[in-house]
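Record features, source TrEMBL:
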COMPBIAS  262-279  compositional bias 'Basic and acidic residues'
DOMAIN    35-116  domain 'GST N-terminal'
DOMAIN    121-252  domain 'GST C-terminal'
DOMAIN    296-456  domain 'EF-1-gamma C-terminal'
REGION    259-300  region 'Disordered'
TRANSMEM  6-22  transmembrane segment
Amino acid sequence: MLYLAKFVLLVIFSFLYSMYLLRSENEREKSSIAMALVLYTGPGNRNAFKALITAEYSGVKLELAKDFQVGVSNYTPEFLKMSPIGRVPVLETPDGAIFDSNAIARYVANLKADNPLYGSSLIDRARIEQWIDFAATRIEGGLLSWLWTTRQRFDSIAFHANMLTFFIKVFKKSLHAINIHLANNTYLVGHSVTLADIVMTCNLCWGYSHIMTKDLTSEFPHVERYFWTMVNQPNFKMVVGEVKQAEVVPAVPSLTTAPAKEQAKPKEFEPKEVKKEASPSKAAEAEEEEAPKPKPRNPLDLLPRSKMILDEWKRLYSNTKTNFREVAIKSFWDMYDPEGYSLWFCEYKYNEENTVSFVTMNKVGGFLQRMDLARKYAFGKMLVIGQNPPFKVKGLWLFRGQEIPQFVIDECYDMELYEWTKVDISDEVQKERVNAMIEDQEPFEDEPLLDAKCFK
């Protein structure tokens, strides 16, 4: 009996001591997080964005080092002890410093226990690491190689052209791989933002801002959709701000070996040519030739005049607050000119991937932003439908002319992500569907509306 009592007391003591150690470890961890984490970086550093965005998602506070000057502060003996070659960013923690942006982002993510940024399973974590490595080697590495080539001077035009072609080809191959993956996935791993998305988007952000023009990115519509969806997430936008896509590829420097100047030859005597004054008619012809050519007009401006004044309809839509059916809808059909305008239904092709409400709404918002080039010639309604995922995205568009304008198809990559069907206004069922979409009727097709957006 005595031995049993001793055994029980030993078990109880061991349990209490284990709980004490666990509590102490948790308190140390909380204390560590509570202590200042200082990030050394310069303004607008896209590598620092990785840590800052991760911190926003994880609820971790990072402080930016005060009075830090890139090119000066990062070469002091104190800083070189934290980063051996003076690279930024660097994170100073209670346990020491960390350099390399991906390592810093991983550390910040791991400060939160069971952080969803690292997935919910071992295979998720492996795939997240896989895409982080892909972003570093294939995307960041590819962009650096391409940009490096544009900034070098070579003695041979052919050699330079071959190098540039090679690096662009390799980079496009990487974008193609991501494009295929994103054709059936909203995010790189799972159904929510992970650390892989943060690292990938930050690297792409640098490319979009410096060298990836619309001509290039339009070849990869799923990458386009993914990128603009990500940078418009609140936690991204808070750190990155507005992203402006590069309009031109950086110019290539001229060759180092310029042709030698020919030695000046003594001028032989030549009789001076007497200048004749141009006749008034020839002078007028010359002026006419030099006059700048008028800017080509949009083909839609050349269509026969329509009885429907689009701005009048938009004003009526905006100003009608009551009796919408009786006032706005009735007036729409009175104004509508089926010869000068056409109506189109659209439906998102990949509704099965719309599993997160705010992501789906941001996706629609991005589409409307990119449709801004058609504001003079179009009116649109976009509905996000459903109470539970996957959410459906459907829309109604009024376009000038009998077809969807070609310049809209060419410039707005989102167009190909939707199925487009021309409305038959002689069909009363389709006509009533138009009314319901303009009015934001709820329920719409027996389902609740999650969101309704207007383009006007």
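Keep in mind that glycine also has a Cβ here, set from the backbone N, Cα and C atoms.
Mean model confidence of the domain 'GST C-terminal' (121-252) amounts to 88 (pLDDT, 0 to 100 scale). Across the range of the domain 'GST N-terminal' (35-116), the DSSP-based residue counts are 33 helix, 13 strand, 36 coil. Sorting each residue of the domain 'GST C-terminal' (121-252) by its DSSP state yields 94 helix, 0 strand, 38 coil.
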